[in-house]
Amino acid sequence: MHLFTILLLLLLLRSAEPRRGPRSGSGALGPDARGRVRGRGRAGVVRRQIQECKEYMEAGEKYLDCQDRQLTTVMQDWPKDINHLLLARNKIQVLRDNMFSQFTQLKSLDLQQNDISMVEDGAFSGLSQLTTLLLQHNRLKTATEEVLLPMPRLTYLRIYDNPWSCHCLLDSLIRTIQVPSNRNLGNYAKCAEPPSLRGQKLKKVSVESLCAADNQVDRRPEEGPGRQPRPPPFKVKPDATSMCHTYMFPKPLLDCSSKELKNIPADLPSDIVKMDLSSNGIQHLRAKQFLLAKDLKLLNLSSNSLSRIDTAAFAGLLYLRELDLSNNSLHYFQYGVLEDLYFLRKLSLGDNPWICDYNIHYLIYWLKHHPGVFYTGLICSEPQEFRGWPVEEYVKTYNGECPKDKQTGQMDMGQGVQGGSDNEAQEVVGDTGVDTGGRLPRPLKEKKPNRFEIIRLS
Ligand SMILES: *[C@@H]1O[C@H](CO)[C@@H](O)[C@H](O)[C@H]1NC(C)=O
Ligand SMILES: *[C@@H]1O[C@H](CO)[C@@H](O)[C@H](O)[C@H]1NC(C)=O
């Protein structure tokens, strides 16, 4: 007891130590370089600590990570030769003229999730190498084409989830992002006002009408004599890009965790590598909802209420390596559901009420044929007699019960015993209409249709 306490104290002391001393081992740069990254110190110790940024190299490029630091502006003593500046989730409100002009090597600038409501026309001057500019989730209402002029190489501009005011002032910016060759500038951004345009994409808004409407003395939307008839706006369906946060670095990530989602959001961006949909209320994965997310390597669906996964739900996820389905309400996998996952390496299945009856055999069969997949948490919760058993063990006893002389293969026995707790199964099968009695792995079943008859008769 005493010894244990002493050990614990020692451990605690040791883990507290590095915090008191100088920070160790963060990044490739020495203490001097790190010092430079700190704030100017005028405002005292607390401020300085908050402003300390992380500098690192990756693939030969220099990153300065200043995310989540309550910053309201950039610091003059930051290194000037950085290629990527990460300023997400700070408190920046205004982008002033020449604010970034000392960072002449900058290729990407992430300013998402600040409070930016104004961009001066020269804010980005000097950024001739910039290709990626992220301004989503801010408070921008208007901006002009001028702000983009200093960035001839800009190919990727994100400005969605800003309350764009689609009036005449915005006309030049809208025209620029509507140029066909600028296909990655301003995608998903929508007008917040006027009411007649609310919800319309900046990419699609009819530019002719913007200034025409503004010139009218009385701008009540429904009445202007020169107005073209427009389809009614609204139906602002929540989509992935407005509900969730996307990050470009270090890997493109879509973070939709804890957003009270009931369904997979529409308009999933196609270039995402990690998608976090955990802690929502999703119950049902329908076919082909991830079809466009072709680069996805990690999909996290843990802590939802998933009870149904349709065949082809994972279609298109050719390169998925990790799938987290833990803490859901899954009873089994329907035949064929896993067949789209060619490169899966890790499958988390814990905290689901797996039912150990014949329906679970497909999952075991698939895992057997994909020995490279590392899986966890496959434990029977029902029926009572198998509760707590690893599902593989249950399947072994199941096969063991069969009379040896009639056993022709591992999986093609026991059709006669099937049909215990099948309400669930019928529900799912009936819903999709895809699975017609696919309780056996299909190829085996088709090969020996007659065996079943014989066994049943005996
Ligand atoms: C999925 O999300 C949960 C909750 O945020 C987290 O605990 C878990 O580690 C994530 N899984 C993976 C594979 O990243
Ligand atoms: C499992 O999911 C429920 C909601 O479905 C949540 O309340 C709970 O915290 C989750 N448990 C874990 C261990 O994440």
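Don't overthink the numbers, they just go from 1 along the chain as shown.
Positions of Cβ are set from backbone N, Cα and C atoms, glycine also.
What you are looking at is a predicted structure, and each value in this text was computed from that prediction instead of being measured.
According to TrEMBL, the feature compositional bias 'Basic and acidic residues' maps to 216-225.
As annotated by TrEMBL, compositional bias 'Low complexity' applies to 428-438.
Mapped onto DSSP helix, strand and coil, the domain 'LRRCT' (162-212) counts 20 helix, 8 strand, 23 coil. Under the heading domain 'LRRCT', TrEMBL lists 162-212 (among others).
Annotated domain 'LRRCT' per TrEMBL: 352-403 (among others), in sequence order.
According to TrEMBL, the feature region 'Disordered' maps to 213-237 (among others).
According to TrEMBL, the region 'Disordered' annotation covers 405-445 (among others).
For 1-18, the entry in TrEMBL reads signal peptide.
Across the domain 'LRRCT' (352-403), the DSSP tally of helix, strand and coil residues reads 25 helix, 10 strand, 17 coil. For the domain 'LRRCT' (162-212), the model gives a mean pLDDT of 87.
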